[in-house]
Amino acid sequence: MNQDNCRIKVNLKNNPYEVVVGSEILYTIGEELLRINIRTGEKILIVTNPDVSKPYSRRFITSLKEAGYDANLLILEAGENKKNYESIALIHNAAYEHQLDRGSLIIALGGGVIGDMAGFAAATWLRGIDFVQVPTTLLAMVDASVGGKTGVNHPKGKNLIGAFHQPKLVLIDINTLKTLPQREFRSGMAEIIKYGVIKDLELFNKLENEEDLSNIYSIKECVLLELIKISVSIKARIVEKDEKESGLRAILNYGHTFGHVIETLCGYGHWLHGEAVSMGMVLIGQLALRKNLWNVDDALRQEKLLTKAGLPISWPKINNEDVLRTLKGDKKVDKGNIRLIVPLGIGMVEILNDVSENEIKSLLESI
């Protein structure tokens, strides 16, 4: 590895692991598995999608086989509209066909949807087998691949079916971003901006100082590496303190409660996850203004930075009653109370557990 690559430890009590971040490290997967003591000869099922499989899977499998593993490939259609029971059944069928046992491994090679599905399939096959995350989208690199959340969507709500199942390893090669559509890249940038708002003023300032955040080719590789490392480190430290989201980890949901409403009501896939989160962040920013929790300047800074990243900031045209009904079914609702993460300033948020339905209704009517 060159000096720009790094290993970020996620120090969980029962399931510690490393996130390896670097450039041109995708095909070190075989040696990385040997390093974490995955025995040679074990069966490995790689779950990926067509856009990722075409440029990467052949050499990826070669790396595994050269390390002594029995590797097989399953190609699934990705996208939020495919994140369902049917796709999980396809993974389980492949696990049965290739005779995966409790010593076997599932590798997610792809974006957040592939990672969520492969992780959930691993969590539920034989009551749980190991899996590895190899994210190929910016959003998956800085968010979905770290922390052990896995699952699928339900027609009534996003990610309502799932499990906490920590990976054995996360391998991030930023070179895979070069084949990523620009819209997907911008979607991932929303999560990096989120980290700045919830926890890191310095990161937010750094993002503001970049001329263009909407195009991967306008950001220097060293800068992109640093942004990913900072984001992963922030999430790792939060997950270490609250693995199962009983308290602090909830701040990672900033913008997500309303973002998930958008994804559910507009149809999975109509808006990308980061786009929906961006609109959710702006709406929560407006709520914070109404409650005098932060100032207009910070709200405008957030909106300006999201716009610079090419992200939408205007709430879509959806029925307010549908929004309220969907909110009540969100997994972050506790005993009927709507729990929201609201900003106090750039780099600071707090959890509000008692936001009333009338407050939400008034907010929606004002935009």
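For all residues, glycine too, the Cβ spot is worked out from N, Cα and C.
Going by Swiss-Prot, these are the annotated features:
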- Gly112, Val113, Ile114, Gly115, Asp116, Thr136, Thr137, Lys149, Lys158, Thr176, Leu177, Lys178, Thr179: NAD(+) binding site (BINDING)
- Glu191, His256, His273: Zn(2+) binding site (BINDING)
Message: At a 10 Å cut-off from the C-beta of Thr179 (NAD(+) binding site), count the other C-beta atoms across all protein chains.
response: 12
Field: For His256 (Zn(2+) binding site), the three-state class that DSSP assigns
entry: helix
- request: Do me a favour and check the Cα-Cα span between Asp116 (NAD(+) binding site) and His273 (Zn(2+) binding site); whole Å is fine.
  value: 13
Task: Indicate the candidate from Lys158, His256, His273 with the smallest number of other Cβ atoms within 10 Å of its Cβ, considering only these binding-site residues.
output: Lys158
- prompt: Rounded to a whole number, how many Å is the Cα of Gly112 (NAD(+) binding site) away from the Cα of Glu191 (Zn(2+) binding site)?
  reply: 12
Message: Among all protein chains shown, how many Cβ atoms are found within 10 Å of the Cβ of Glu191 (Zn(2+) binding site), not counting that one?
response: 26
Message: Looking at the binding-site residues listed here (Thr137, Leu177, Thr179), whose Cα lies nearest to that of His273 (Zn(2+) binding site)?
response: Thr137
